[in-house]
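Worksheet: one structure, shown below.
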């Protein structure tokens, strides 16, 4: 579907759905990795569940996804690699980074998207956008100084996740527009292309077969079982809403939604799943980071309104 012909209600629905799914997924994944450290196995199972569900839906006639095409698969290999890199490093970072700081670091994605845009679009941005992005980055650094649970490895993994997220958002936007792929089709290709790579990784890293043994032992816990199943289901929903939002809107819109949903996630993160040790620098940095994110969203909205107001 072309962005210019997308009905406004569908654009809004895609953005809201992605925001809600993204916020829920952070807490669900955090709850799972607190008890199940094998994040790569978790990601592999999420992708396997996605591939099986879409394949079943296509066989049963529930979806209109096209048959696999080798040429299209080749074009989406990089999308798949960047997506899995993002999720893998994000899951790993949640082991050592609390939710408010994790969200603050992920708010650096708009900065990375803007920088990436200079290379493939060579676009110029307003002073408000540049200042808001700078404020967001400054907030992360201030908050980190007051983070009693500072984990260098966790922070590094979260930053690497930002890079991978930026790359796949840009690539999804371009592949969706150029190849006319639906969000479900991109999900299916992404899942299938991911599986060989992920299976190789869980074997090389030694997660398999210990991860399956622990999963079997943990399944006796009703709480863990529910959280784990929710993680698989929400993984599918998050993938769908993210790709849909990026295709019918843009990569930048997806990052803006991510910034806005982070406000609620940050607030809840102070109290849920272990909470955060409160420190003046930590709280001040998170507030600055959030304000920068909101300012950025407003600046991008004003830019878009000015562009649409200019007669062609």
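Here the Cβ of each residue, glycine as well, is placed from N, Cα and C on the backbone.
Automatic, uncurated: that is what TrEMBL annotation is.
Quick caveat, the model's predicted, so the values are computed rather than measured.
Marked as domain 'Sugar phosphate transporter' by TrEMBL: 20-297. The feature transmembrane segment is assigned by TrEMBL to 12-30, 36-55, 76-93, 99-120, 129-146, 152-171, 192-216, 222-240, 252-273, 279-298.
For the transmembrane segment (222-240), the most Cβ-contacting stretch among 36-55, 152-171, 279-298 is 36-55 (pairs under 8 Å). The transmembrane segment (76-93) shares more Cβ pairs under 8 Å with 152-171 than with any other stretch in the list 12-30, 36-55, 99-120, 129-146, 152-171. The list of residues near the transmembrane segment (36-55) in space but at least 6 beyond its ends in sequence, with Cβ under 8 angstroms from a Cβ of it, reads 29, 63, 65, 84, 87-88, 91-92, 94-95, 184, 187-188, 190-192, 194-195, 198-199, 201-202, 205, 207-208, 210-212, 214-215, 218, 224, 228, 231-233, 235-236, 239. Most Cβ pairs within less than 8 Å of the transmembrane segment (152-171), among stretches 12-30, 99-120, 129-146, belong to 99-120.
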